[in-house]
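*Asks:* Dumping the structure here so I can ask a few things about it.
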C-alpha cells in the first residue's frame, strides 16, 4: 500500500504544482496519476509506444508468457515507463523504430485506463489534455473528418460530403487499416461513399441467402454473441418446457440450425425423458429448387434420432417475417409453444413511431398463439433514430466496440468473413432508407415498452442462464467480455458496453371482460 | 536365499525354484485397473506403448470413468447420448479437457496442470455445458461432412483449443 500511496501523492502534488504555473522540471501526468501510475507528460508518447509494442510481443510470444503473471516480481509498477522497459527487455525484444501506424492505438492507451475505447470527438477538452501531444494524430483526425462528413450528408450537402470522402480516403493511408480505428473507419467511409456516390436504389449488396448463411456461421464462430444468444435462449426454453410432453419451437431464422442441437441434447437428458419435439424453422426461400430448410431439418432429425428424441421438422420459406401467416405454422392446441427470435424483430420496425409498423400484426399473431415463452435477442443499440447523424454516431460507437472485441480472434480468414457480416449491417444502417433499411436496432428499454404494450409480460431469465453464460465466456480466450443482468434480462458486452440483450416473454392472459356477462344478465332480466 | 552353514557363516545360494516373472500384459484386468487411475495425458501416452495397450487404452469405458469420476452424483442416462454423439474418448478430447482446464484455471488461479484436472470436482453445470458443446460438435461435423461424420473438431469449438491470450 505504501508505494502506491506515495506515488499517488507525489503525482498529484507535482500535477497540481504544474497547473499552478510552477516550474516543475518534468510534470507527472495528472490523469494517469489518478489511477496510480507515475508517467511524465513528456514521456507519454514513448510510454504509449512501448506499451503497444509490449502488447504485440505478449500476444505473439512464441512461448508462454504467463510466468510474467506468476513468477515475475515487479518493482514499483506505478513507475510505468521503467516497468514497461523491464518487461520488454525480459522478453528480449530488440529496439524497433517507433511505428507511426500504431499511433492510432496509442490514443486508446493514453486516454483510458480501461482498455480500448473509441475516443468520442465531442469529448471534453479536459479528457483530451492527457494526450495533447498525440492530438494531431491521424486517428483522431480521421474520426473528426468522418463526423464532419456525416454531418454534411445529414444536411444534404452532398458535394461537400464527396470532397470530404476523398480526404478521408487519403487519411486512411496514414493509419493502420488492419486494426483499431483504421479498420472501423474504413468500413464507415465505404458506407458513406456508397450513400453519396451510388445510385438511390439499394446498393448491389443483393445478397444470396447462401452467402448470408456462410457469413452468419463465421460470425457465430468468431465471437461469442450468437453462442450467448443460443445458449441463453435454450436454457429459458428448457425451463419453460419442464413437465410438458408435447412441445413446439418456432424459430424465426433457422440458418444452419446451430441453436437446436444443444436443446435436443438437453431435452434428451432431462429427468423424466424427452418430449415430442416439433421444430418449425422459418427462413428465406432458396433459389434454384434447392430446399435448404429441408436439408437442415434432415440433419437435425438425424441428430435427434441418434439421441432418441422424437422429432418433427417443418420449414416455412418466407423472405420477410411479416409474410408468415399463423396458419403456416400448423400449431396444435395441445402443445406448448416457444417462439425464438434471434435478431429478427428489429427488421419489422418502421421509422415513424406514430404510424403503425409491420411489427404490430406480427406481435399480435404471436400473442394469439399463446406461447409459453417468447425469446427475444436483439442488438443493444439505438440505430432506428429518425435523424441520420444520430444514427451514424451511435453506429460508429457500437461497431467500433464490436470490432474491438473481434480483435482477439486469431484465425484470419474466418475473422474477415465475420467482419463482412458486420460490414453489411453497417452498410444497411448508413446507406439505406425506407423499406430497404432493415437493421433498425433498438435498445432493451424500447423493446420492453413495445412488448409490454403488445400484451407480453417479462419472464426473468434466472441464475442458471447467468451462470451458463459466464462459463461460456470464460471458455473464450479474450478477456473483456462481460455478462450483466438487467432487470431479469441478460446482456453481453465488451468492456461494460452491452452489445446484445436477451429477454424472455410470456403472453399475458387475455382479460375476461365482465361487461358481456352483465349484458347477458340484463338481457335475461 | 540365505543359508546358514555349519560353521556359522552365512552364504548366498542360487534359488532352486524359479519365481515366475510377472508380466503385466498377461494380466489385463490389473492393467485396466491401473489405467483407470491415470489422467488423460498419461492414458494417451499409454495408448502409444504397443498394440495391446492401444486397444485397451482406447476402451471407451476407461474414458467414461475419466470424464465423470469426479462428478458427484454421477450423471445417469448420459451414456447412450454420449455414445451416439461420438463416445467418451472424443468427449474428453474435444470438450471435457479444454473446459476443465479453462474453468479450472480461472477458479484456482493459474497453473492448472493435468494433474490438477484429476483431482478437480465438476459442477453439474459444467457437465451440462460440456455435453451441449459436444452435441454442437457432432452436429457441425454432420453439416460439414454432408451427412457423413468427419473426425476433426468442429470449427466453432476451435476456440476451446486456442491458448489463452495474455
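Here the Cβ of each residue, glycine as well, is placed from N, Cα and C on the backbone.
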*Asks:* Taking A:247-251, A:252-256, A:257-261 as the choices, which stretch does TrEMBL tie to motif 'VHIID'?
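*Replies:* Comparing A:247-251, A:252-256, A:257-261 with TrEMBL, motif 'VHIID' matches A:247-251.
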*Asks:* Could you check which of A:335-339, A:340-344, A:345-349, A:350-354 is flagged in TrEMBL as motif 'LXXLL motif'?
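*Replies:* Per TrEMBL, the stretch marked motif 'LXXLL motif' is A:345-349.
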*Asks:* If I take every residue in the region 'VHIID' (A:216-281) and average their pLDDT values, what number comes out?
*Replies:* 93
